[in-house]
Amino acid sequence: MKTWLKIVFGVATSAVLALLVMCIVLRPSRVHNSEESTTRALTLKDILNGTFSYKTFFPNWISGQEYLHQSTDNNVVFYNIETGESYTILSNTTMKSVNASNYGLSPDRQFAYLESDYSKLWRYSYTATYHIYDLTNGEFIRRNELPRPIQYLCWSPVGSKLAYVYQNNIYLKQRPEDPPFQITYNGKENKIFNGIPDWVYEEEMLATKYALWWSPNGKFLAYAEFNDTEIPVIAYSYYGDEQYPRTINIPYPKAGAKNPVVRIFIIDATYPEHIGPREVPVPAMIASSDYYFSWLTWVTDDRICLQWLKRIQNVSVLSTCDFREDWQTWNCPKTQEHIEESRTGWAGGFFVSTPVFSHDTISYYKIFSDKDGYKHIHYIRDTVENAIQITSGKWEAINIFRVTQDSLFYSSNEFEGYPGRRNIYRISIGSHSPSKKCITCHLRKKRCQYYTASFSDYAKYYALVCYGPGLPISTLHDGRTDQEIKILEDNKELENALKNIQLPKEEIKKLKVDDITLWYKMILPPQFDKSKKYPLLIQVYGGPCSQSVRSIFAVSWISYLASKEGIVIALVDGRGTAFQGDKLLYAVYRKLGVYEVEDQITAVRKFIEMGFIDEKRIAIWGWSYGGYVSSLALASGTGLFKCGIAVAPVSSWEYYASIYTERFMGLPTKDDNLKHYKNSTVMARAEYFRNVDYLLIHGTADDNVHFQNSAQIAKALVNAQVDFQAMWYSDQNHGLSGLSTKHLYTHMTHFLKQCFSLSD
């Protein structure tokens, strides 16, 4: 349930008064023309057509100084930063000949796969057809062509070996024209998954479409096997156009249910026919009860690191294993196990962080909580207890991008104390005396406060991608001097288009409530006048480890509501949200549905005190976890909200996936946390919806938060004789895409305008 990362149409939070400290107006004035006579407000059509969407530029690095990029006319172009050389490596004609939408160059640069017939499955997974193009001869390889559709395909890190997954089994090709070698034979739809995750691991643990990993030089291939044979199945109808609907069946472990059985195997990719796959042992302290595999990291061709979690996800074990040539097995001694345990919540953030190994192939860097409860980078050589803390402070390290022999590159929200910012830092390591440098803090400071980065081999060069708060911009930099080499994308066309638009104003501030800090973003109408009264819409996600109040650029549905309809929008990061320390993050542990809701209500009361909110016109809306929070807020009995919208909400945690739910709630058993599972349902509050206008929305083919959730809410409301509105989208999943998107936002707009008594 990571909808907060994907909602395209959200972003907003609140504004203007004492009690609140530290304000920054996010949207730069350069994209706002104050001459109202020549500008217009945003329209809903602008949003639905993506008129003001921005571009980013991520180089597809193929060496320390070379990268590929797909041009606007669909040519794949090669660039050498140091020589200035540039040429088309794959023409749009070649791409079009097989209707390719994606490509992948082999490391030896002799071949490229072209991907077509994309067919989406779940959040990350899809199937596709793959054609192999011989770049030397300028033709497609016809001998021993790949089967179709393929579930996953990848090149080895060196040369041009291919590994792919077809019908849940793994195959290997030494060369693209060679016949395939079948590695696994037990793959079976919805039963045994080899090299690809099942639904719950894809969505809630790995966050990828693959579960196979090449060793650094392609000597070995590691893969996961997921056995879903005993997992309960969720079944729902897909109506299509046929006389009878078909039934979709997905092995889906809900809270407390039987989980998949996972095993990790490694096979010699050079001589796979001589020695079969070898299983990697699970640490004894993990294997003694239900457990999860959380990630795999190759260190060298003969050393691998695996991470495991207990089912109650407060204990993680990192196990380093070495290949024994004499026995042709993988040895994982207990002395090479490192335990990470949380006594106040779950292990890690949303996921347990992965290690980044240093050049000695023994020690590594990893992000986990320090003694003060903030997530920071630590250096581990022998034991976690003896870890050396690399970063510290009342802020958090977010991601380690790259470790070289003399530098460590990472992102954090340290600069100026704003949790919703991201800057890129370099720390010197190795023989140099440690020193820290912020690479991005003072680059285009007004425009850019939220960065990510993409590094070439050995961090020789890197691209910075700024997401806001001003217009996004992508730039190329020298990895040794940090000097900007060139602008890759500056969104100049978007800048010119926005000169004629009355954009809303955005502010980020914070509320102090008792000993809690609530950061919020408020989106204000262009001609905002604090002496007037405005309707207020709260946009909420609120799930554990999420963050809504970020310094990023977006022209979205809520931008339109502020610009055209004169609605004030607010987003609030309350307890349970991320990157502000464990005290705030773990406050919701085993108590979902309590503090997230309380903090939204508290913020609304503070906004009313500011004097410009019409307290008779306040609404709340959210999607997924946000739909759950908005539903509970509406049913809180406070009388604050006139109306609200819940899109694809969870209604009971017993209905949601085991890995996600149990991470934050424990098990739904009498001797664990069943009582709160029962007390935290939306249905238990059905009577309290009587005095609000409630719009309930769901897709009937939602594989993530099943339609069952909204069906149970509707049943409870009917049984309580509570009037409400509902909209379902046939055959639509959790994202409600395509034509459903336009219908959804049009429908929600009408609902809000009616609630707020706004004219059409």
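Backbone N, Cα and C atoms are what each Cβ position is placed from, and that goes for glycine too.
Record features (Swiss-Prot):
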- S624: active site, charge relay system (ACT_SITE)
- D702: active site, charge relay system (ACT_SITE)
- H734: active site, charge relay system (ACT_SITE)
- E203, E204: substrate binding site (BINDING)
- 481-512: coiled coil (COILED)
- C321-C332: disulfide bond (DISULFID)
- C438-C441: disulfide bond (DISULFID)
- C448-C466: disulfide bond (DISULFID)
- C643-C755: disulfide bond (DISULFID)
- N49: N-linked glycosylation site (CARBOHYD)
- N92: N-linked glycosylation site (CARBOHYD)
- N99: N-linked glycosylation site (CARBOHYD)
- N227: N-linked glycosylation site (CARBOHYD)
- N314: N-linked glycosylation site (CARBOHYD)
- N679: N-linked glycosylation site (CARBOHYD)
- 1-4: topological domain 'Cytoplasmic' (TOPO_DOM)
- 5-25: transmembrane segment (TRANSMEM)
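Distribution of Swiss-Prot features across the structure.
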| residue | record | DSSP (3 states) |
| --- | --- | --- |
| N49 | N-linked glycosylation site | coil |
| N92 | N-linked glycosylation site | helix |
| N99 | N-linked glycosylation site | coil |
| N227 | N-linked glycosylation site | strand |
| N314 | N-linked glycosylation site | coil |
| C321 | disulfide bond | strand |
| C438 | disulfide bond | strand |
| C448 | disulfide bond | strand |
| C466 | disulfide bond | strand |
| H734 | active site, charge relay system | coil |
Candidate recorded positions E203, E204, S624, pick with smallest Cα gap to N49 (N-linked glycosylation site): S624
Integer Å distance between the CA atoms belonging to S624 (active site, charge relay system) and C643 (disulfide bond): 18
For C755 (disulfide bond), nearby residues of its own chain (Cβ under 8 Å, 6 or more apart in sequence): R617, A619, K642, C643, D693
For N92 (N-linked glycosylation site), the one of E203, C332, C466, N679, D702 that lies nearest, given that the recorded positions are compared by Cα: C466
Other CB atoms within 10 A, centred on C643 (disulfide bond): 21
Per-region confidence, the topological domain 'Cytoplasmic' (1-4) (mean pLDDT, whole number): 54
C332 (disulfide bond) in three-state DSSP notation: coil
Candidates E204, N227, C332, D702 (recorded positions) with Cα within 10 Å of C441 (disulfide bond): none
Spatially closest candidate among N227, N314, C438, C448, D702, the listed recorded positions, to H734 (active site, charge relay system) (Cα to Cα): D702
Between D702 (active site, charge relay system) and C466 (disulfide bond), the C-alpha gap once rounded to whole angstrom: 33
Sparsest-packed of the listed disulfide-bonded residues (C438, C441, C466) - C-beta count within 10 angstroms: C438
Rounded Cα separation (Å) that holds between N679 (N-linked glycosylation site) and S624 (active site, charge relay system): 19
Candidate nearest E203 (substrate binding site) in space, where candidates are the recorded positions N227, N314, C321, C466 and distance is Cα-Cα: N227
DSSP-derived structure type at C643 (disulfide bond), helix or strand or else coil: strand
Neighbour tally for E203 (substrate binding site), based on other Cβ positions within 10 Å of its Cβ: 23
Cα separation, E204 (substrate binding site) to N314 (N-linked glycosylation site) (Å, whole number): 16
Site of maximum Cβ density within 10 Å, from glycosylation sites N92, N314: N314
Lowest local Cβ density (other Cβ within 10 Å) among recorded positions: E204, D702: D702
